[in-house]
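Here is the structure we will look at.
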Amino acid sequence: MSGLGIMVLTLLLFMFMATSHQDAGEKQATQRDAINVRRRRSITRRGDEECNEYCDDRNKECCGRTNGHPRCANVCFG
C-alpha cells in the first residue's frame, strides 16, 4: 500500500475514534442530567406531603413553599 493510502486510512481511523469519544461524552452528560433531575424530584417530594394535603383541601396544587408556608395555585408555573 502506498504511503498516501496509509495516511488516509490513519486519518479515517482518528476521525472515527474522535466522534465515538464525543458521542460517549454526550451520553454520559445526558445520564448525569437525568440523575440530577431524579435527585431534585425525590428531595422535593419528601417535604411536600404537608403542602399537598394543605392544598388538596382547597382543591388546588401545591407549588412549593414561600417563607415556610405552602403556596397553592390552580396551575403552578416554574
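Each residue, glycine too, has its Cβ placed from N, Cα and C.
Fair warning: this is a prediction, and the values are worked out from it, not measured in the lab.
What Swiss-Prot records for 1-24 is signal peptide.
Annotated disulfide bond per Swiss-Prot: C51-C63 (among others), in sequence order. Packing around C51 (disulfide bond) is summarised by its Cβ count: 19 other Cβ atoms lie within 10 angstroms of its Cβ, all protein chains included. According to DSSP, C51 (disulfide bond) sits within a helical segment.
There are 19 other Cβ atoms within 10 Å of the Cβ belonging to C72 (disulfide bond). Look at Swiss-Prot and you will find C55-C72 (among others) tagged as disulfide bond.
Summarising the annotation, Swiss-Prot assigns disulfide bond to C62-C76 (among others). Around the Cβ of C62 (disulfide bond), the number of neighbouring Cβ atoms within 10 Å comes to 21.
As annotated by Swiss-Prot, phenylalanine amide applies to F77. Under the three-state DSSP scheme, F77 (phenylalanine amide) falls in the coil class.
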**Residue pair C51 (disulfide bond), C76 (disulfide bond) - Cα distance, angstrom, rounded** = 13
**Request:** Quick one: pull the CA-CA distance for C76 (disulfide bond) versus C63 (disulfide bond), whole Å only.
**Result:** 5
**Message:** In whole Å, how far does the CA atom of C63 (disulfide bond) lie from that of C72 (disulfide bond)?
**Reply:** 6
**Request:** Cα within 10 Å of C62 (disulfide bond) is the criterion; apply it to the recorded positions C55, C72, F77 and give the hits in sequence order.
**Result:** C55, C72
